[in-house]
């Protein structure tokens, strides 16, 4: 959430940011409501001052034995006006808050202008796409022939965009989760959390999923519960409504969770394979930092996610998202895209974002630089470290062999009981 004082003071900067994003939002309506709210507050304060003055005058007249009926009548009238205005102020505040929750974050000055993902800027590449002496196949074909992915039974049990991992496929999924968590905890210094998979609406609002993306979420009927779309939600809200000791920053958390997304806008896209499922696993990295450190911490976050791909020997590229492709809550985002030879494209496997104080304002997460300092909002960051299903798909496609088997990356073999090759069983 943006600071209302900032919007009030810099309306044209906010308007320009909305235009760069291609966001449709009635900023004038918000500014008008803000004016109305402040005018009503001024009026009610003036009435309260008058009520206090009349009350003192009534007390003086009564003490002197003089009549005070006219002032008592005025007192009743003023009190009634205050009650009515207080109700109007509450309604205006609710409407104003609802609008504030719909304003996206301000893009960082380094974010390139653009309307779609085709305008994103490539920053760097790592690794060479493997050269095959045969036509590489997509992971869904490899997985089904090796009997380690079962999309048909996933559809039977749950519906479209669900699947089973089986045998070595299930073990590979588990190996990837453990490998990622061990790397981030042991080498990168994150504290591991295992979060709830159900959160309340306040948590979803705190990270920016609600109210804007309600259609993409799975809600438990007649309950204040949502299935998490990412561990970012519970882990960020882990510190909601808290004031942190500045000496403990940055705080870094790594968490595995299953993720659940309705994919309401994805009809017809990526209908095969593991790329766009309603349920998938992900290891998430979340940071809480001082404002002056957040940009440096973003670069470190990207490097932490990159190391997963490098250790797996998976070719990838890093792209800086343009204004039109930037997430609602993000100020700046890097995407990591892994090479998928069976599809001949780079596919997103991680998004690493700096949200500045946008989420912290919504979730009321603050810190004190020293014990007597004023509490200020932290900056929050998060990134996928990585999306597990997409990583599994990338391993199958990049390590496939001419005979249809798949070589297990060396760093995963200790997690696979020493298995070096996945064959059909």
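Glycine is treated like the rest: Cβ placed from N, Cα and C.
Model, not experiment: these values are computed from the prediction.
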Annotated companion of 230, 231, 232, 384 at the L-serine site, Swiss-Prot, chosen from 192, 284, 337, 348: 284
Distance from residue 231 (L-serine binding site) back to residue 349 (ATP binding site), taken between C-alpha atoms, in Å: 15
Which of 232, 263, 284, all binding-site residues, has a Cβ with the fewest other Cβ atoms inside 10 Å: 263
Largest CA-to-CA spread of L-serine binders 230, 231, 232, 284, 384, angstrom: 9
Spatial neighbours of residue 232 (L-serine binding site), counting only the binding-site residues 262, 348, 350 and Cα distances within 10 Å: none
Residue 384 (L-serine binding site) as reference: those binding-site residues from 261, 262, 263, 350, 351 with C-alpha within 10 Å of it: 350, 351
Residue 348 (ATP binding site): tally of other CB atoms within 10 A of its CB: 15
Spatial separation of residue 284 (L-serine binding site) from residue 262 (ATP binding site) - C-alpha basis, Å: 19
